[in-house]
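Have a look at the structure below before the remarks.
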Amino acid sequence: MNNNFKKNIIFQKYEITRIKRERKHGYKSKVIWFTGLSGSGKSTISNILEKILFKNNINTYVLDGDNIRSGLCSDLTFSFVDRNENIRRISEVAKLMLDANIMVLISVISPYKKQRLMASNILGKDNFVEVFIDTPLSICEKRDSKGLYKKSRCNKILNFTGIHSLYEAPEQPDIYLDGTISIKENIKKLIKKLYENNIIFFPYTHKLFEYKNKII
């Protein structure tokens, strides 16, 4: 957007603020950003977490990479520039949802450190919780529930993370999950960390959820 257009845009302030919403609902909204290779378990874990939060009266929503690219970002390719724009758009949408006191769960590969830093800067560091699901490429490729690795090996998909392009793993994520262990153990660790950091107000119990051990 050029400067001439920017001069004519005036940001509107609302009487119902994020703080007022947080006081009414009894929790503070955050963005929980799941990053990892395709097939690492991002969608599975974020969907289970959404169910847990929902059952505990926390307004929540999952922004999944594939769903976003089906609509908001359907005009974007997988080039470096377009991947950056994809992350920017997702972050700006999440920022609006934060203001609405929604706990936003974002499940996107977001392969580059600069992209995740950009997201953190847009959302505000205090609002951004980076969760790295560290699953080896070999395991992700064996799962391949979407058939994407097979297509990328045949060059039917280009610029595929882990095959044609690099994934830059977070060096110091807020929460580290080992993708080689069970979903149940990772959920247990995730809930424990969120509880310890005062992001959620309930501890882990075995009765929190029911799940199917199918990783996507």
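Keep in mind that glycine also has a Cβ here, set from the backbone N, Cα and C atoms.
Caution: TrEMBL annotation is automatic and unverified by curators.
Per TrEMBL, these features apply:
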- 29-178: domain 'APS kinase' (DOMAIN)
- Gly36, Leu37, Ser38, Gly39, Ser40, Gly41, Lys42, Ser43: ATP binding site (BINDING)
- Ser110: active site, phosphoserine intermediate (ACT_SITE)
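The DSSP breakdown of the domain 'APS kinase' (29-178), given as helix, strand and coil counts, is 66 helix, 28 strand, 56 coil. Within 10 Å of the C-beta of Ser38 (ATP binding site) there are 27 other C-beta atoms, taking all protein chains into account. For Ser110 (active site, phosphoserine intermediate), the Cβ neighbour count at a 10 Å cut-off comes to 28, with all displayed protein chains included. Cα spacing between Ser40 (ATP binding site) and the residue listed as 'active site, phosphoserine intermediate': 13 Å, rounded to the nearest whole number. Of the recorded residues, Leu37 (ATP binding site) and the residue listed as 'active site, phosphoserine intermediate' place their C-alpha atoms 9 Å from one another. A sphere of 10 angstroms centred on the C-beta of Ser40 (ATP binding site) encloses 28 other C-beta atoms.
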